[in-house]
Each structure stands twice: as structure tokens, then as C-alpha cells.
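Features of the protein shown, as given by TrEMBL:
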| type | residues | note |
| --- | --- | --- |
| BINDING | CYS82, CYS87, HIS164, HIS169 | Zn(2+) binding site |
Amino acid sequence: MSIALKQVFNKDKTFRPKRKFEPGTQRFELHKRAQASLNSGVDLRATVQLPHGEDLNDWVAVHVVDFFNRVNLIYGTVCDFCTEKTCPIMSGGPRYEYRWQDDCKFKKPTALPAPQYMNLLMDWIEVQINNEDIFPTSIGIPFPKNFIQICKKILCRLFRVFVHVYIHHFDRIILMGAEAHVNTCYKHFYYFGTEHNLLDRKELEPLKEMTSRICH
């Protein structure tokens, strides 16, 4: 990564504070292993496969938190240019509009400006990953039975951030010289999601052409 790019991605202009793993825990060791293989230059497809003898839920948990941190960082670099004026709806080009729905304020799918949608999305994910009943950090505490379903929803919503950034703000990414880094993050996300059947094919449609170009 170039020095200029390191400055862009290390100035803590994340949308949210990074969630870290506690040193000494199994998940911290898995996180280190995942990072080491990711930085070793090996095929990204190989890095996402479940290591022999490891628990799938642990492997998914580590990656979901890591993707949350990375996508936060990516959106943080363009959020100054993603305003209610530039992005009055949360979309991925003219064909795709994303509406927000949750169990609290927005009971029905609601059209929102992109920055408001992003805020709600990141808040919602942060609540999930900080909930010990969903992402337990203590040894011996089991994951909930619907853990994978929750992770699918988290990754689906994170994918929408990639869609919006690629389609509406990629000129800023290119200007910062961060294209290669963002593409690598996307490829890692895409390979992991498809390897473990965590991404709905329909959700992938907006970036289908770009994905076939960079994830060959």
C-alpha cells in the first residue's frame, strides 16, 4: 500500500470505532490467522475457506466483524461527499433503490437519503456485533441458532454500501489512489460471502458486471 494510501486509510476516519478481538481468545487467534493469510499474497479464494478443525460460526463471526470495520473505513473516506444533496436516495444507480426497515422506528421499508441510511445501517450492525447473545466473546457460550441468518442480513446490508460507493463515489476512491485497496476488500468480501452461501445472488446483481471483471 502506498504511503499516501496508508494516510487515507489510517487516519481513523472510520464511520464507527473499530471493533477489536480480545487477545488470547480463540477468535483473536482466528482473526490473526485470517489477516496473515490475507496479507501473504495467496489466492483470496483460498483464504476464505474454513480452516480444518475450526468452527464455522467462529470463522464467520471473525469475518463479519472484520468486514464491518473495513467497510466502515471505506465509507468513511467518501462520506464527506455523500450528502443529502448529492445522494437524496440510497441507491445503486437508477435501477436499484434501497429502503430502510428495522424493528424500531421504521416498521415499513422507507426511502431515505444515503447518509441517513448509512447511519442507521452502521448503528444496526454495531448493535448486533456488540450483543453478547448474538456474538458471544466468552469461551463456552454458544452462538444462537439463527446466527448464520443474522450474519446473512448483516453482509447483505454491508454489500449495499459497496454498491453505493462503487456506483456513486468511485471517482473519489480513484482520486485518492485507493482503487486497488477497495477492490481487494470487495473481492475478499465477495469470495467469503459466496464460499459460505451468505450472499443472496439477487443482491449481487447491481455489481454483477464489475464482479465478473475483477473476481475472475
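Placed from the backbone N, Cα and C atoms, the Cβ positions cover glycine too.
Recorded features from TrEMBL, shown on the structure.
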residue : record              : Cβ neighbours (10 Å)
CYS82   : Zn(2+) binding site : 21
CYS87   : Zn(2+) binding site : 19
HIS164  : Zn(2+) binding site : 24
HIS169  : Zn(2+) binding site : 20
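The Zn(2+) site, placed at the center of the C-beta atoms of CYS82, CYS87, HIS164, HIS169, has further neighbours from the same chain whose C-beta lies within 8 angstroms: VAL78, CYS79, PHE81, THR86, ALA114, PRO115, MET118, VAL165, HIS168.
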